[in-house]
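Engineer: Handing you this structure, nothing more for now.
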Number of protein chains: 2
Amino acid sequence: MSERSETEQEAMAATYAALVDHGYAGLTIQTIADEFPKSKSLLYYHYDDKDAILREFLSYLVEEFRADFDIDDGDDPRETLDSLLDGILPRDIDPDRRAFRVALLELLARAAHDDSYADSLSDLHAAIHDRIAAVIDAGVESGAFHAVDPDDTATALVALASGGMLWGVTTDPSVATRTRAVLDAYLDAELYR
Amino acid sequence: MSERSETEQEAMAATYAALVDHGYAGLTIQTIADEFPKSKSLLYYHYDDKDAILREFLSYLVEEFRADFDIDDGDDPRETLDSLLDGILPRDIDPDRRAFRVALLELLARAAHDDSYADSLSDLHAAIHDRIAAVIDAGVESGAFHAVDPDDTATALVALASGGMLWGVTTDPSVATRTRAVLDAYLDAELYR
């Protein structure tokens with residue numbers, strides 16, 4: 001799906017690992033290099049600074065969500081929707097998942113003051129929303145889902161999952177668990193046939 | 001409702017104004033003092049440092065939500081619920097409202113690394129959730145609302161509103177508008193009789 005070189009893909013994996021280990025505040029080219037299997041000079045060759053890597057990382061996340069959804073290829077709308085929602089609000093938020101989500105919140109807070117991040121994160125939101133809407137649309141077409149409005153339902157699901165994540169990873173973890181349970185009950189009642 | 005002295009209440013108003021003007025990162029005793037109508041020494045007399053004021057400010061917000069809800073006193077559950085949801089995700093997010101919500105997100109991100117903030121913000125989440133659940137409960141009792149589970153419905157509403165706020169104030173404002181419209185449609189369909 002991605003046309004990135006092996007080096008670029010390794011840089012993205014290293015950025016993810018550095019965000020998990022150090023958060024946004026502790027992210028430097030050095031902490032990314034520590035997770036990078038090749039030489040640090042290669043990182044500098046590809047990226048001007050940590051902000052350049054981070055913006056590239058956000059584009060990489062966007063691409064992950066821009067994958068095609070195709071029922072004829074055996075994609076199941078219910079399973080795919082479940083795994084997309086897991087991407088925002090997993091049922092089990094282990095320490096790494098929590099750390100990555102906290103780093104994303106820090107990036108979102110930064111985006112409020114920095115347009116270059118706001119654009120990247122707007123793209124990320126749109127990619128998540130559009131992919132969830134596409135999966136819902138496919139599920140409605142195939143008869144697996146009730147005939148809901150895909151766009152409105154995607155708006156509701158992204159907000160529900162994001163809100164549970166916001167409070168759950170920063171304050172009380174049980175907020176995340178309870179929100180995911182309410183979200184699952186909503187899907188059972190309103191979406192799944 | 002509050003038993004705070006006039007000076008304490010003025011300190012809370014000054015903290016709100018300083019958060020709106022400078023965000024969490026720019027908050028100092030000096031920026032709070034600039035918004036405070038009395039002498040700066042009074043601020044130091046009441047609070048050890050900026051973190052002490054901020055924690056007090058969060059307690060103040062919690063108290064605001066801990067107000068009693070009483071239909072016999074003329075409180076209307078539908079109007080009250082609407083204004084509580086406005087407190088998280090207003091239909092019109094003007095610059096001051098946006099700035100305050102961004103500061104809250106910065107505090108939430110900080111809470112992920114600082115237990116003293118995590119406790120205060122857990123209390124704030126619980127206060128918002130409990131008040132919304134109490135209003136829903138009263139609306140169900142009075143017959144204004146359908147017989148939903150107040151706790152689950154409050155979990156869903158807080159998460160929905162918070163998630164729309166999270167993306168709306170940091171990236172694309174239309175996410176906030178669309179999420180609020182979906183939330184209002186949900187209330188019309190599922191809650192309001």
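From the backbone N, Cα and C atoms, a Cβ is placed for every residue, glycine too.
Curation plays no part in TrEMBL annotations; they are all automatic predictions.
Below, the features straight out of TrEMBL:
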type: DNA_BIND; residues: B:28-47; note: DNA-binding region
type: DOMAIN; residues: B:5-65; note: domain 'HTH tetR-type'
Engineer: As a test of reading the model: what is the averaged pLDDT for the DNA-binding region (B:28-47)?
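Structural biologist: Within the DNA-binding region (B:28-47), the model's average pLDDT equals 93.
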Engineer: Over the span of the DNA-binding region (B:28-47), count residues by DSSP class, listing helix, strand and coil in order.
Structural biologist: 13 helix, 0 strand, 7 coil
